[in-house]
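Chemist: Once you've had a glance at the structure underneath, I'll fire off some questions.
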Number of protein chains: 2
Amino acid sequence: MNIEKYTEELITLRHYFHQYPELALQEVETSAYIRKYLEKLGYEIVPIEPTGLIAELPSLRNREKLVVLRAEMDALPIQEQTNLPYASVNQGCMHACGHDMILAAALILAKIVAEEQRMQENFPVRLRFLFEPAEEIGEGAKRMLQAGALENPKADAFLMFHYAADMTFGMAVHQGQASSMINSMQIHVHGKSSHWCEADKGIDAIYAAAQVISAIHDLNESFGKQHPDAGKYIVGTGTIHGGEYTNIIADHVVLNGNIRAVHEETYMALEHELERNLQEIEKQTGTQIRMEFPKDPVYAFANDEELTETAKAVGAEVFGDKFVLEGEDELFLSGDNAYRYFRETRGLFTVFLAGIPGENHPLHHPKFQLDERILPYSVEALYKIITTL
Amino acid sequence: MNIEKYTEELITLRHYFHQYPELALQEVETSAYIRKYLEKLGYEIVPIEPTGLIAELPSLRNREKLVVLRAEMDALPIQEQTNLPYASVNQGCMHACGHDMILAAALILAKIVAEEQRMQENFPVRLRFLFEPAEEIGEGAKRMLQAGALENPKADAFLMFHYAADMTFGMAVHQGQASSMINSMQIHVHGKSSHWCEADKGIDAIYAAAQVISAIHDLNESFGKQHPDAGKYIVGTGTIHGGEYTNIIADHVVLNGNIRAVHEETYMALEHELERNLQEIEKQTGTQIRMEFPKDPVYAFANDEELTETAKAVGAEVFGDKFVLEGEDELFLSGDNAYRYFRETRGLFTVFLAGIPGENHPLHHPKFQLDERILPYSVEALYKIITTL
């Protein structure tokens, strides 16, 4: 495998995907481009409505092990502000989560495998590519799995990979927990309106909401002390809106936030504790408080031990001392609908570190940037992981 | 004076004004109607731009004492929901503060005085009517005074009257403080955005805002205990808005509320204490907090002692045991730009109680209603106060 000769095309592909981002479930051009690219290489494609693709080389069908690799296709509803020459030309839509890099890497990996197999016919595993739509809205994995992404035959391993901007050049794999459990909660506080001149006739929903915020703050402080094995977690409120008039006691406040935890048990305990706190505040203030979860939670998942060992060996080989085996404490408290794949088979989540010094814009930021020079290294590492399994 | 013969016209006038309400500084039809009505009675009118009117009978110019009576003309930006047969026909505009009743009473009072003076030529005082625009937005009194409302000659007394819905049939006058000092404050809490996954990089403006709300709550509880002579007061927050995304730490929260106190010293002390609390919360949370007062305060005012005695006597005569002399503790914590008149001369604020049992909608409510049967009694009381001065 000679990765150098693919470097230019990796960059070209990445620029193409970056320039033409498409929102979740609308990845029409992206999907068509990928399909055409892969069919030319001899891949057989199963389209998954509306834009998903499952791709395999027919000549690898007789291999013993099925390894499944996921690449996400969707971009975000963000107006890009990078001023890059290949910045998004699609108004209000941007690849600000690295899926452009993922797609470029997956296509070149597919090309390398196809070319090798055509020449030597000895590629060791059956490799299946999943081009997943709508990862950002938590819709894609469900649809891919319903279409049998990990079946026929039962997959031996599931691989996923991201590019991160918070550290420069390297590769990171988490030992154990690899992604967190999260959900968005909405807390409604209902009081009773009255003119502030007749405060005794009202029940102030804003005051009760302040107690809720303080309780969440205290829960963050105390829970870890009371439960030393809780792992990383956070309960955070991102928005608060309440009241209509400056001189009227507010009868309704809405808080929106998230509960996040590396361990599902911690998540469940936090949700339970918060619910208990809300009931206490209800009693103290005379308000009615309701916590809702508009969506299903995104569950946590962990890297398989054996796959982690493989990744460690490959990481050391390709990245040397720039490979990092991270613990739970380094885990970012984010979630991924890929937990659904991890429930079906053993999995590995590899992170390629592609931060640019001085460009510290986080994922989903309009100025988010990645160092694309990581691309050939990442393809090499993925190739080696797959062929070592 | 025979009030019975004016009762029907009082009701007719009130229904007319109620049906055709106009917003502050747009009281064009209202003002034209009043002007025509008064000119027909022989009043001389000085128009005050844009809609204000000052009206006097020329034949009373030689009287020794000038008594000035104010009637407000403006309605509120509220969509009426009373279903009354004479409900507002002007979309989104309603007399929900009793100015319709005030105008009807003032016009009939003007008519009685004009008719008496024409017949007997012995009305005892020079009576000046102020038809004030824009009371609700605190603009009217300033304009009327700039136009010389209490000058040429210097007014001996200023009279104002309201109709209240919180008690049924009667008349109330406050001994001492008759209206409160109030102002609207806006509190901006500035933190620092960050993804909740990297909470240590952010400064949570919502948490700091919760501390502000708690501090205001505690100030309400503690200030009166620490200052037994503080009188009635309240600091209240009516709206809170902050944050843009559920998963991002909010960098800005805006609170809107009021500070209200019967005594100006209490108001000033509360504002000072609140400012001190905000500075403490700034230090504790690392946020930046700024309290703004978009408008000038409305100051408190007190009833003149001698005028209060007159009102007591007249109240007992007209309303018997339904006259109430109220203390500071019964004072509603609202303000009125009429404080400007009270700074220039001695004044009296009379409240006619016109609540309807079972209809407990407060001032400025879309279902606010008044018992108009109080109208003839109120005109009689005003007439007697004026002629007793």
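Each residue, glycine too, has its Cβ placed from N, Cα and C.
Predicted automatically and left uncurated, TrEMBL annotations should be read as such.
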Chemist: Which of A:E64, A:E136, A:E330 shares the Mn(2+) site with A:C97, A:H99, A:H162, A:H364 per TrEMBL?
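Modeler: Checking A:E64, A:E136, A:E330 against TrEMBL: the Mn(2+) site match is A:E136.
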Chemist: Tell me which residues of the chain lie with their Cβ under 8 angstroms from that of A:H99 (Mn(2+) binding site), as long as they are six or more apart in sequence?
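Modeler: Sequence-distant Cβ neighbours: A:F17, A:A71, A:E72, A:M73, A:D74, A:A75, A:E135.
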Chemist: In the same chain, which residues outside the set A:C97, A:H99, A:E136, A:H162, A:H364 have their CB within 8 A of the centroid of the CB atoms that define the Mn(2+) site?
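Modeler: Near the Mn(2+) site, beyond A:C97, A:H99, A:E136, A:H162, A:H364, sit A:E72, A:D74, A:A75, A:L76, A:H95, A:A96, A:G98, A:E135, A:L363.
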Chemist: Pick from A:H162, A:H364: which of these binding-site residues has the biggest number of other Cβ atoms within 10 Å of its Cβ?
Modeler: A:H162
Chemist: Check the DSSP secondary structure of A:H99 (Mn(2+) binding site), expressed as helix, strand or coil.
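Modeler: The residue in question, A:H99 (Mn(2+) binding site), is helix (DSSP, three-state).
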Chemist: Mind giving me a neighbour count for A:C97 (Mn(2+) binding site)? Other Cβ atoms within 10 Å of its Cβ, every protein chain shown.
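Modeler: Result for A:C97 (Mn(2+) binding site): 23 other Cβ atoms within 10 Å.
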Chemist: Under a criterion of Cβ-Cβ distance under 8 Å and sequence separation of at least 6, what residues of the same chain contact A:E136 (Mn(2+) binding site)?
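Modeler: Once residues fewer than 6 apart are set aside, A:E136 (Mn(2+) binding site) is near A:A24, A:E72, A:D74, A:A75, A:L76, A:C97.
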